[in-house]
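Copied over from Swiss-Prot, here are the features:
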type	residues	note
BINDING	119, 120, 121, 122, 123, 124, 125	ATP binding site
MOD_RES	230	N6-carboxylysine
MOTIF	405-408	motif 'L-lysine recognition motif'
């Protein structure tokens, strides 16, 4: 619960309070005792003791009217909608949501050790490594793109990489109730752009890498804006871990100079000196030989990043070693074998850079024909389409089948044609994703061949016109076509 007095105190201290407006009268304080027992930004989830946040560019007064009909008595907004209830007017509703929900849930962030990962790719894999390292001797909760757990037993799919602040602090409070000791999070650039983690300080923040992504009309207008919002995690962490091989490393290095930090990768103290398919050796703070189930040097680097972060949280080298050896990630480099010996790789690679690294790993182990099944999502990350084409052009022997991948409100054929326009040779377009996978499965001949199904990973749905339509998932579909 939270009182109106506490809300006004929070907003005034953050210089985010304008006034309370009710029936054209302006108030700096509110003399009546009002207590709220629920917070909501969904007008369909309202009771008489709910504080409602009228947020978003698409918010309509009809939503507020519906909430008032359901018993709403107070709301927070950047705009006065002229309703017959008081409005707390603020300059920035997203900041208000974060700080008010933090207090409403009794500051759960102070009762957990917080570990956050950011980067264009690898966040989920690194989070899973950290989860397995910590769970050897601790009770970690995890908020991940792939799966979320607040008790270490039950897992559910997240809708956003980083939840809205009201949901985030509610989930943190649930983790505290479940006696969890740590919280591992993926923090997206959008989370900082939309202030979902405003006011939150992490015990350790990890910056894995950066490459152009999430640039478009409803995301970041430029790469500079994307990169800037990624770097905000560094400013809001008590200690940081940074990949020394990442693009634009020098500015990040300067930014973290006075923050406790570890660098990993080439030209740093913590570097891989030997890399094999299922083991690697590290020198530096983590010096040891590690067994690993996820192939690819980039996965080994993600393991190092997670290990250095966990080391700062007091985890032993032995627990880090055990955690790395136990880690698997749904939809990340999952491998099937056809009856003819050919391999099928199912992976979440969903931008140009992650596709480039995936192809490099597969080509290292499979020397025959390689077939790529790929699509791009609609209404987001539009720069990926050209990036995919550029990567494919660097692999002239790659056979390509373009297909649907969460087209949302766009036409999947148009998306596929746009990707194809950036490819310098003919490709096949099969919009039905299962049909595309079935077709690819007929093109292999021997154990040297491989099929790569990229983009969706373990997602068992297709986003079409704003809805999550049923889809078996790439791995389950691929299993149907193993006989070849």
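In case you wondered, yes, glycine gets a Cβ from its N, Cα and C as well.
When averaged over the motif 'L-lysine recognition motif' (405-408), pLDDT in the model lands at 96. Note: the CA-CA distance between residue 119 (ATP binding site) and residue 230 (N6-carboxylysine) rounds to 7 Å. Summary of the ATP site environment: with the site residues 119, 120, 121, 122, 123, 124, 125 set aside, the chain residues having Cβ atoms within 8 Å of the Cβ mean position are 117, 126, 186, 208, 209, 302, 354. Compared over the binding-site residues 119, 122, the count of CB atoms lying within 10 A of a residue's CB peaks at 122. Across the motif 'L-lysine recognition motif' (405-408), DSSP assigns 0 helix, 1 strand, 3 coil. Across the structure, residue 122 (ATP binding site) and the residue listed as 'N6-carboxylysine' are spaced 14 Å apart at their Cα atoms. Ranked by Cβ neighbours within 10 A across all protein chains shown, the binding-site residues 120, 124, 125 are led by 125. There are 24 other CB atoms within 10 A of the CB of residue 121 (ATP binding site), with all protein chains counted.
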